[in-house]
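Visitor: The structure under discussion is supplied below as structure tokens; questions concerning it will follow.
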Amino acid sequence: MPGLKRILTVTILALWLPHPGNAQQQCTNGFDLDRQSGQCLDIDECRTIPEACRGDMMCVNQNGGYLCIPRTNPVYRGPYSNPYSTSYSGPYPAAAPPVPASNYPTISRPLVCRFGYQMDEGNQCVDVDECATDSHQCNPTQICINTEGGYTCSCTDGYWLLEGQCLDIDECRYGYCQQLCANVPGSYSCTCNPGFTLNDDGRSCQDVNECETENPCVQTCVNTYGSFICRCDPGYELEEDGIHCSDMDECSFSEFLCQHECVNQPGSYFCSCPPGYVLLDDNRSCQDINECEHRNHTCTSLQTCYNLQGGFKCIDPISCEEPYLLIGENRCMCPAEHTSCRDQPFTILYRDMDVVSGRSVPADIFQMQATTRYPGAYYIFQIKSGNEGREFYMRQTGPISATLVMTRPIKGPRDIQLDLEMITVNTVINFRGSSVIRLRIYVSQYPF
């Protein structure tokens, strides 16, 4: 049978296909060199390789290799003639019998190299670079990588092999970047959010300390993770842009911040007092300066210095009107023997007092009392003059006393003179007389 003879011839030649290097001392894959006989003997892979064929496949040894065929495949068992065997029954040609080494001392003619190799000028089998000779079958999307005796088809970085095609790997799906990821064909790029900078590893992000690099704040910069905040010095407030600071007008917050006047200044404020006052240690309250005590007044030697809240008064000596006579430093008396004194108050006593502007009301401001109580006498207290605005009234607090009450707040500066009359009535001796306290009230300009 010519077909089987050709197969046998190829099988015999396979025993002597030269391996790269020395062809006389090595055998091709699938054969072992018998050191005693110097022959290449076939390896039965079906016995030496565990589970050479799996599943429903069975292993069939052949010269230089083995086959895996389905167990249900029909097996050919026809006649086969072998020049080295008188009888053979099997699905494949039997292995060639050992050939005596003495019959093949050397190989003196060019031989056929294994697949993936070619004979060079020195009759050596060298690797064929299929990638360089463009004799590979890699897909255009793949790259060819030459190997010893063959080649492999692979994909470049950023691609993976799927059904013979190199498809782009979406690295962004796997969290390669710490913050922002942008996929590109065959690769990816990482970026960072505002306030961060990309590290040298190209993946992680580092916070940018804006306060050190650019310091965008007008006053104080505080670095935060991924950003920064601006703070203002005391007395300033942050504007809507979050960067600039503007002066805070503390005086507009409350009218009670200072007792008198609040003066705003950049980043702060201070309280001031009007003339005649000094600022206390609390830096907000004003205290009257007693010009009379400190002799810081302009009164003459004949005048009396009377201190007021925020100022002073120079009071002239009392001058009694006719027919009154001066009987003391501040008292005038009308003589009883004088006929015009019968319908006049017996005495006029001068008194001075001061009140602050806008004092809260009602307020008891002055007390009047009889110095002597006579048997059978009673006393009547009234405001004889000066109360045209009905800002005061007399409230009798006892048989011989009464209190002057301020009923309306009075705004200063203003000077008021009231004649407070005490009428004495004695029914026992049928007597009626009166005395007057001439009260001069000085209302200051300020409510303190």
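Every residue gets a Cβ built from N, Cα and C, even glycine.
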Visitor: Could you tell me which of Cys155, Cys177 is bonded to Cys166 by a disulfide, according to Swiss-Prot?
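Guide: That would be Cys155, the partner Swiss-Prot lists for Cys166.
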Visitor: Cys217 pairs with which of Cys205, Cys211, Cys230 in a disulfide, per Swiss-Prot?
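Guide: Of the candidates Cys205, Cys211, Cys230, the one Swiss-Prot pairs with Cys217 is Cys230.
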Visitor: Would you mind checking which of Cys245, Cys251 shares a disulfide with Cys232 in Swiss-Prot?
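Guide: So the cysteine paired with Cys232 in Swiss-Prot is Cys245.
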Visitor: Pick from Cys40, Cys46: which one does Swiss-Prot say forms the disulfide with Cys59?
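Guide: That record, Swiss-Prot, gives the partner as Cys46.
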Visitor: Do you know which of Cys305, Cys314, Cys320 Swiss-Prot records in a disulfide with Cys332?
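Guide: Disulfide pairing in Swiss-Prot: Cys332 with Cys320.
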Visitor: Cys177, Cys181: which one closes the disulfide with Cys172 in Swiss-Prot?
Guide: Cys181
Visitor: If you pull up Swiss-Prot, which of Cys262, Cys271, Cys286 shows a disulphide to Cys273?
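Guide: Within the candidate set Cys262, Cys271, Cys286, Swiss-Prot assigns the bond with Cys273 to Cys286.
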Visitor: Same-chain residues six or more away whose CB lies under 8 A from the CB of Cys271 (disulfide bond)?
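Guide: Within the chain, Cys271 (disulfide bond) has Cβ neighbours under 8 Å at Leu257, Cys258, Gln259, His260, Glu261, Cys262, Val263, Leu279, Asn283, Arg284, Cys286.
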Visitor: Grab the pLDDT values for the domain 'EGF-like 2' (127-167) and give me their mean, rounded.
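Guide: A mean pLDDT of 89 is what the model gives the domain 'EGF-like 2' (127-167).
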Visitor: Would you count the other C-beta atoms found within 10 angstroms of the C-beta of Cys155 (disulfide bond) for me?
Guide: 19
Visitor: Please list, in sequence order, the residues in the chain of Cys144 (disulfide bond) that are at least six apart in sequence and whose C-beta is under 8 Å away from its C-beta.
Guide: Glu130, Cys131, His136, Cys138, Tyr151, Thr152, Cys153
Visitor: Taking each of the disulfide-bonded residues Cys53, Cys166, Cys251, Cys314 in turn and counting other Cβ atoms within 10 Å of its Cβ, which one has the fewest?
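Guide: Sparsest of the disulfide-bonded residues Cys53, Cys166, Cys251, Cys314 by Cβ contacts within 10 Å: Cys314.
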Visitor: May I ask which of the disulfide-bonded residues Cys181, Cys205, Cys230, Cys251, Cys314 is closest to Cys245 (disulfide bond) if we compare their C-alpha atoms?
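Guide: That would be Cys230, the closest of Cys181, Cys205, Cys230, Cys251, Cys314 to Cys245 (disulfide bond).
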